[in-house]
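Below: one structure, written as structure tokens.
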Amino acid sequence: MDFYTPPTTAGPPTRGSPESVPTTAASTFPLRKRTRAHLRARDKSDGPAPSSRGTSDRLWSWVFLKQPLSLPEHNYQAHLGNNVFLIGGRFLSARQKPLNIAVLCVILILGGLYYGFVAPWTWNHISPAIPAVFTYIFLLCVASFLRASFSDPGILPRNIHLTDRIADGSIPNEYSVEPGIDAFDPRKNTTSLSCFKQPESSENLVYLKYCSTCKIWRPPRASHCSDCDNCVDFHDHHCIWLNNCVGRKNYRYFVAFVMTGGLCGLYIVGNSIAHVICYKRHMHMTIAESLRHRPMPLVMIFLGFLGAGYPLALVGFHLWIASRGESTHEFVSMNPVTKHVVDGHVGVTLSKCKVMGSHDGFKRFSDAVLAVVCARLCAHVSPHSNPVTKQTTPQGVQKSTFRHWKRF
């Protein structure tokens, strides 16, 4: 079929010439079909577009993303740490053994046993308030576990201070290394500098370290996690049961989880004992006879003690180190930043003064234990000043902060 072409010469067309034939929708439709086919062939020759992937591939990359199937559109797709992102980057977890799923299953099974064997009789014969209070504590436990396990612990953005000289171990001229301090530590892949010095004492120093893996100067009390391969702000520890780091952003949820988990265990023990005693009185039996008729409360007592011991021990330990203004990482590694002893009391460094809200470099912790604990567990996590961007740079440098993973 021949198609209309514009005239090559000027002047009005003559009557009966092809130029004088009017162009209708029917005559232009084949041209439109040919143009679309031509565009599809051209796109196919250039390669598949990122939006032309199958629905199953796009759904899989949105639900469980390990490696991006196309060029990264969000910062979490260009993230270089050892993390797995879920539901379009809204949740994250370490790329280790998923023990957090096993812990969640144990919690749900223990709650299911309580609701199946102890709660119905307690609701009908003692008081409905007892299972209702347990439900509230149990929901707090599950919610705190999910928030601590799948949320951002305070991961610091990468590739901010791209200095090859620092990564090689050489120090720029604008910095000076304190005498007696090894500048470059190849075992930890860090470079240490004495950055701040308090005027009250020349011995109380706060050190900055350059992480050669993340290419950033870590702020005070931040540390690099070898399991997650990330620098975490106020890094406390890496919890294998959560399969995530515990840092500034999820520390309170971790403490809330272990506290409510221990309370659930003790609540199950107390309710099961009350169940046995009330059933004995109601049926006019001895304790041995009531246990033969209903042996499940005895099993729940054992499981409750087993599930409450370890969480309550963790609660006591973290309340103790929180009262000292320390983290688990600082307590285990004996960090000199937090281990200056003055008159038998641990001195407060510059970073601890920020936690306590005090500028006294040697304020005793015994005078403000409650203030330190409240500041550590209840302090507001300030929002980041940098805007949360949607797309990454062509080099994959992460400019935004970790406020929302779905836009990180």
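Including glycine, each Cβ sits where the backbone N, Cα and C put it.
For 1-55, the entry in Swiss-Prot reads region 'Disordered'.
Look at Swiss-Prot and you will find 1-14 tagged as compositional bias 'Low complexity'.
Annotation comment: Swiss-Prot describes 101-121 (among others) as transmembrane segment.
Sequence-distant contacts of the topological domain 'Lumenal' (122-125), counting only residues of its own chain at least 6 positions beyond either end whose CB sits under 8 Å from a CB of the stretch, comprise 131, 271, 274-275, 278-279, 282. Taken from Swiss-Prot, the feature topological domain 'Lumenal' applies to 122-125 (among others).
Residues 100, 103-104, 107-108, 111, 114-115, 119, 242, 253-254, 256-257, 260-261, 263-264, 267-268, 271, 274-275, 278 of the same chain sit 6 or more residues outside the transmembrane segment (126-146) yet have a Cβ under 8 Å from a Cβ within it. Per Swiss-Prot, transmembrane segment is recorded for 126-146 (among others).
Residues annotated as domain 'DHHC' in Swiss-Prot: 209-259.
As annotated by Swiss-Prot, active site, S-palmitoyl cysteine intermediate applies to CYS239. Around the Cβ of CYS239 (active site, S-palmitoyl cysteine intermediate), the number of neighbouring Cβ atoms within 10 Å comes to 24.
Annotation comment: Swiss-Prot describes 254-274 (among others) as transmembrane segment.
If you look at the topological domain 'Lumenal' (275-296), the same-chain residues 6 or more away from its ends with a CB under 8 A from one of its CBs are 113, 117-118, 121-122, 125-126. What Swiss-Prot lists as topological domain 'Lumenal' is 275-296 (among others), and the listing cites sequence analysis.
Same-chain residues lying 6 or more positions outside the transmembrane segment (297-317) and placing a CB less than 8 Å from one of its CB atoms are 106, 110, 113-114, 117-118, 255, 258-259, 261-269, 272-273, 275-276, 279, 291. The transmembrane segment annotation in Swiss-Prot covers 297-317 (among others), and the record cites sequence analysis as its basis.
Averaged across the topological domain 'Lumenal' (122-125), pLDDT for the predicted model comes to 92. Taken residue by residue with DSSP, CYS239 (active site, S-palmitoyl cysteine intermediate) is part of a strand.
Residue counts for the topological domain 'Lumenal' (122-125) by DSSP state, with H, G and I taken as helix and E and B as strand, are 4 helix, 0 strand, 0 coil.
Using DSSP to sort the residues of the domain 'DHHC' (209-259) gives these counts of helix, strand and coil: 9 helix, 18 strand, 24 coil.
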